[in-house]
């Protein structure tokens, strides 16, 4: 170590981590003990951040992708002066504490992302770096480099084994994200044992092939060597950098260092005592921080951070004078607000016009893109099918970062995680598209978006067996039920173009949850009532889209998406036979469940017990709405390859079958 205060600070990070994990009787000490020098060097010598304001917009972003090493992050947050107290450290992994087992965004000040599912932190960091480049290209002007921060991540071997890290690293290299720097805690150990049991690839050649700069630090305790590598990484703005730092997991533990035993379990009282002796730590008290360490962090983090933000605020004030309209637009974007009156840009569709909801979604995207400049997104190599292209929006590429169309390539998981990073970064309203059946490929990222409360928008097209000829591999069955089961995710399957416009409006208005828009490939008719009723109806999750003509329905037809049009046609056929039913459009179960019982009973009158649910997906869940006297027309087997109309007929999604099933319910 160059200076004793630096050695003391690093040892303090290590001992705080050891003590918190011992007290919790649970946790992962090995990574914080091994990676403390690189994290300390980054936080005190390179990162621009202000603990007094964790939300300073131009701060450097830091993602601990190896989220199991959370005590490394919590120790740094505490020492740096973030609102994480010593009592918080003592409550590590306990009910209601600020220091959960893995870092959680929105839960702990200074935590930039929820991590723990390995690989996703790297991909979220890629998304943050993408957001920084786009916003810099959009808003920076001569003399005003308002947005120019770096994005840093610390990852481990496990992160690099995950497929999402490969997808994201490939994308980052392609996009030449030079302000992205990943420190790789390379300790040759995984949870199960030595790394050579499962991982022997040449990481350097792999990342160089992706288009990254690769640097290596041989001694993970040598902070001068680490600092030199970080300087070199920051100097190359033409490509992202991976810095492999060779470390010893559980550094200093005389019996456990360098073994898998120190990865995911407390050291134990005796080993903890011996480790502190090995560190020449002379303080008997647990959770002890020498006053000079606090002073050191004040001098290296808090004071410089406050000055840097103050200087940035001065620059922003001058920018507001020089570019008032641009500055107002940026301020609004940072605050997550939409332009006044933007919803007037939403198209309204006349009854009778047939249009696939993926196509109306594409029209909505292009209409709102003109009114909402922070709209930014793309597709996983399906833009022409998902209809996600912003016409005239330009391409987000190394020579045109101001472009609004992102070409994610066939990297669904990286797309999902990068969208999370963009949403975490702020300043953008982001969306990503793929086929609904491939939502499985990005599901873990959707789950993290829901867990973090991020308003990401998913454009999921080709939503049923109506896909047809491509067959069962491309026909979603269980996917609606699966996504509906996820907490804090709004799933909307609109019936027509007006419901689609309403769904987009609700998705953009969301501030605390992601939205999945589930859209058809095939044309569907625009229904008579939706121009007037769609927004409030979709907002409430379900509504009577076509009431029984006599005002006294004998039965209810409940449907979503393209099946609503089918239900309306069946309603007409039943009426011709003197049977009166109401049609309920139920685009969003989660929104409907959030309504008061009085509204739910208004839409689904308890007295009308004969109910038929119609949906081209799994039946699971519909029983709560149809009740004991109802019936469900759904699909609980895989699809088939044939023209869509033929498959729908074979699976019973015809007017004749709906009429027959309804009459059977009524005993007619």
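Each position is counted from 1, following the chain as shown.
Note: Cβ is positioned from N, Cα and C throughout, glycine not excepted.
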Please pick, from 49, 68, 323, 580, the residue that Swiss-Prot records in the thiamine diphosphate site together with 116, 117, 118, 158, 187, 263, 438.
68
Same Mg(2+) site per Swiss-Prot - residue from 142, 157, 219 joining 187, 189:
157
Count, for each of the binding-site residues 187, 385, the other C-beta atoms lying within 10 angstroms of its own C-beta, and report the residue with the smallest count.
385
Of 28, 263, 462, which binding-site residues come within 10 Å of residue 68 (thiamine diphosphate binding site), going by C-alpha to C-alpha distance?
28, 263
Using other CB atoms within 10 angstroms as the count, which residue among the binding-site residues 263, 358, 462, 474, 521 scores least?
474
At a 10 A cut-off on CB-CB distances, which of the recorded positions 157, 412, 470 has the highest count?
412
Neighbours of the Mg(2+) site 157, 187, 189: Cβ within 8 Å of the Cβ centroid, same chain, sequence order.
156, 185, 186, 188, 190, 195, 247, 249
Residue 158 (thiamine diphosphate binding site), number of other Cβ atoms within 10 Å:
20
Round to a whole number and give the Cα-to-Cα distance in Å for the pair residue 385 (substrate binding site) and residue 438 (thiamine diphosphate binding site).
13
In angstrom units, rounded to an integer, how far apart are the Cα atoms of residue 189 (Mg(2+) binding site) and residue 116 (thiamine diphosphate binding site)?
17
